[in-house]
């Protein structure tokens with residue numbers, strides 16, 4: 001056993017060679033230093049993307065019932081493929097109809113016959129019929145190929161192609177406009193601080209983070225809200241994965257409604273209703289949760305609703321820190337220094353949780369400040385408890401036999 005222990009100890013000891021060739025004193029190597037920590041799986045990434053993959057869906061016909069949203073949600077490469085394919089399919093389909101009708105009417109064999117009254121003029125092959133289809137749907141009209149009034153079916157086909165082409169134009173152009181003007185790109189200019197901080201503000205323990213807007217056109221009716229994502233197990237043994245609970249950011253006082261002109265520091269007061277009521281600095285290192293921040297507002301330029309998201313894990317919360325100021329007054333106007341947007345500095349903060357601090361202030365501190373008064377109160381409470389116990393333990397008062405006889409005679 002001693003040989004094995006000595007072998008293991010020697011395997012963890014290395015000798016560092018100096019420039020002169022001699023060896024210095026041995027230095028121990030920490031095997032955990034080179035180990036790669038496991039990557040934390042996030043519910044929402046820092047840039048706001050939800051890391052939830054939908055499983056296989058059997059009934060995919062539901063996507064076709066809302067075809068407009070399905071087309072808008074497609075990626076650009078697939079959207080452009082669908083956009084191009086719709087026009088090509090209609091051109092080729094009507095070209096085949098034109099060519100078959102011209103072939104059945106024998107217009108193909110009498111292209112250069114001046115005495116022939118064709119239905120489709122100058123259509124002698126499928127390529128010429130395809131050109132007629134493209135010119136008719138796109139209203140190009142070069143003049144060499146056209147549908148004449150010698151046949152009724154040609155006029156009906158031209159009307160049908162015009163209507164179908166207009167519907168495709170309206171759908172595709174509308175989808176392209178909505179896809180380009182989606183407010184998701186507006187969320188790229190809404191920034192969040194890299195870390196949350198916990199410090200005291202107005203003698204209350206608070207959770208703080210910072211948000212800002214990089215554009216000069218501001219968000220209208222901006223609102224902020226937060227969710228806590230944490231798995232837990234109930235008293236009955238049921239495991240609830242990724243349970244969502246609300247974090248109050250001033251909903252009752254109107255503090256969640258923002259005028260996002262300059263960077264704002266959002267405050268969550270840790271009180272009895274807060275999910276961080278019993279969490280201190282030491283317990284924070286052992287917890288596993290994720291805070292989702294959601295900022296919503298109306299884009300001033302387009303009037304569309306925009307939503308920006310981010311998240312903070314437990315290792316991105318700095319206990320006992322405070323944000324540096326990024327506002328200054330220069331030349332008669334306020335100036336924002338975005339280089340100090342994420343900067344924090346440590347401040348003196350108790351490592352106790354808000355619940356423990358409340359207990360110290362309301363219970364332990366009065367006992368230490370007024371020990372005699374606390375002792376008298378405890379004596380009075382003990383006496384009252386003794387009296388109650390004595391009364392509860394005393395036997396009930398019984399009526400004698402003669403009293404019972406007298407009561408019977410009186411009756």
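A Cβ is built for glycine as well, from the same backbone N, Cα and C atoms used for every other residue.
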Worksheet entry | Of the residue ranges 32-54, 55-77, 78-100, the one that TrEMBL records as transmembrane segment | 78-100
Worksheet item: the transmembrane segment (155-178): which same-chain residues, six or more beyond its ends, come within Cβ distance under 8 Å?
Response: 68, 71-72, 79, 83, 86-87, 90, 94, 97-98, 101, 133, 136-138, 147, 149
Worksheet item: Under DSSP, the domain 'Potassium channel inwardly rectifying transmembrane' (44-183) has how many residues in helix, strand and coil?
Response: 82 helix, 6 strand, 52 coil
Discussion item. Suppose you look only at the domain 'Inward rectifier potassium channel C-terminal' (190-357); what would the mean pLDDT be?
Written reply: 91
